[in-house]
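Q: Could you have a look at this structure, given as structure tokens, before my questions?
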Amino acid sequence: MSLPAGNAVGNWLLILTAIFGFLTLIWIPQASAECQTRSIYCYECDSWTDARCKDPFNYTALPRDQPPLMTCNGCCVKMVRHQRSRYEVVRRMCTSQLQINLFMVDHVCMMESSGNGHMCFCEEDMCNSSKNLYTKNGYQHLINIMIIWLIGILLNQLSNR
């Protein structure tokens, strides 16, 4: 395939950017706009009263040796207070137990203004067992945007020749 010369390269750049942008928008729903309505399982515990709830979480332990699971019609939540101190408290639960009026997005964490804690949301079975709720899929969007940006630079350089 040969590239057209001059102004047509700019048109190709615009078309390719639109195609990749559209494909990226198709992939973004994987991050779900709001907590889902289907039922998932979330861990329900507080490290203040249950040492099994602490990080690092032992997700390889037998189910009887893990904190209880509950059915959740929303997102799983993991809250950490007094992060990286001997007073650290980890709480794992479902959004149905929170009175929160925020637009919640899957695999999003909100930090305390002091930087000593955070609250993360996720929507897969037992996802609130993770130390870090960001998944590889969360970084996929950044990688896609970087690829689109690099292709745009390459096409721009080709059009300037």
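Every residue gets a Cβ built from N, Cα and C, even glycine.
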Q: CYS72 forms a disulfide with which residue in Swiss-Prot, given the options CYS53, CYS75, CYS94?
A: CYS94
Q: Quick one: Swiss-Prot says CYS45 makes a disulfide with which of CYS42, CYS53?
A: CYS53
Q: Where Swiss-Prot annotates a disulfide for CYS127, which of CYS120, CYS122 is the other cysteine?
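A: Swiss-Prot says the disulfide from CYS127 goes to CYS122.
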Q: Pick from CYS35, CYS42: which cysteine does Swiss-Prot list as forming a disulfide with CYS76?
A: CYS42
Q: Residue list, the region 'Loop 1' (55-68) vs rest of chain: Cβ under 8 Å, 6 or more residues beyond ends.
A: 43-45, 80, 88, 90, 92, 126, 129-131
Q: Sequence gap of 6 or more, C-beta under 8 Å: which same-chain residues meet both conditions with respect to CYS94 (disulfide bond)?
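A: Correct list: CYS42, GLU44, MET70, CYS72, ASN73, GLY74, CYS75, CYS76, VAL77.
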Q: For CYS45 (disulfide bond), write down the residues of its own chain that are at least 6 apart in sequence and whose Cβ falls under 8 Å from its Cβ; none is a fine answer.
A: ARG52, CYS53, PRO67, PRO68, ARG91, ARG92
